[in-house]
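Annotated features in Swiss-Prot:
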ACT_SITE  Ser25  active site, schiff-base intermediate with substrate
ACT_SITE  Tyr58  active site, proton donor
BINDING   Thr57, Gly73, Ala74, Ala75  substrate binding site
MOD_RES   Ser25  pyruvic acid (Ser)
REGION    117-136  region 'Disordered'
Amino acid sequence: MKLHIFKSKIHRATVTNADLYYEGSITIDMDLVDLAGMMPNEKVQVVNNNNGARFETYIIRGKRGSGTIQLNGAAARLASIGDEIIIITYAEMEPEEAKDYKPTVVLVDKKNRPKKIFQLGEETTPEEAPSLEQRN
């Protein structure tokens, strides 16, 4: 039996743009995609902290270092520019593998620059995770 387990997330990202007439998806800065262990075309769940909306879509490559978080197509109706969102991926795992799995969390600032990256379970709260400056 396989379980659907939380794999990774980009936490507290800010929506930078919305394009209702573009094919449905979410465009994400590839630096953030890589840091979170996500991939282009991967299915994601998006949670809007401002209005409570939750929806699924897939990742499109955004320009590296741009901080782009753009909702496209129908998803553009579920968030406004400036809204805070969480972008989550899941993976299928056998129960034994899932027991030891530690999801990746990428915390970003208001401009979608990474502040902290950590494996959930290494720290009890995001506040205890070292910042990127502390890791180097």
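The backbone N, Cα and C atoms fix where each Cβ goes, glycine too.
These figures come from a predicted structure and were not determined experimentally.
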Fewest other Cβ atoms within 10 Å: which of the recorded positions Ser25, Thr57, Ala74, Ala75 wins that one? Let me know.
Ala74
Mind computing the max CA-CA distance among Thr57, Gly73, Ala74, Ala75, which the record assigns to substrate binding, rounded to whole Å?
10
Measuring Cα to Cα, how far is Ser25 (active site, schiff-base intermediate with substrate) from the residue listed as 'active site, proton donor' in Å?
5
Relative to the mean position of the Cβ atoms of Thr57, Gly73, Ala74, Ala75, the recorded substrate site, which additional same-chain residues have Cβ within 8 Å?
Gly24, Ser25, Ile26, Phe55, Leu71, Asn72, Ala76, Arg77, Leu78
Tyr58 (active site, proton donor), Cβ-centred 10 Å count of other Cβ atoms over all protein chains shown, is 13
Rounding to whole Å, the Cα atoms of Ala74 (substrate binding site) and Tyr58 (active site, proton donor) are apart by 13
In sequence order, what residues of the same chain, 6+ apart, have a Cβ less than 8 Å from the Cβ of Gly73 (substrate binding site)?
Asp19, Leu20, Tyr21, Tyr22, Glu23, Gly24, Ser25, Thr57
DSSP output for Ser25 (active site, schiff-base intermediate with substrate) maps to strand
Sorry to bug you, but what's the C-alpha spacing from Tyr58 (active site, proton donor) to Ala75 (substrate binding site), rounded to the closest Å?
11
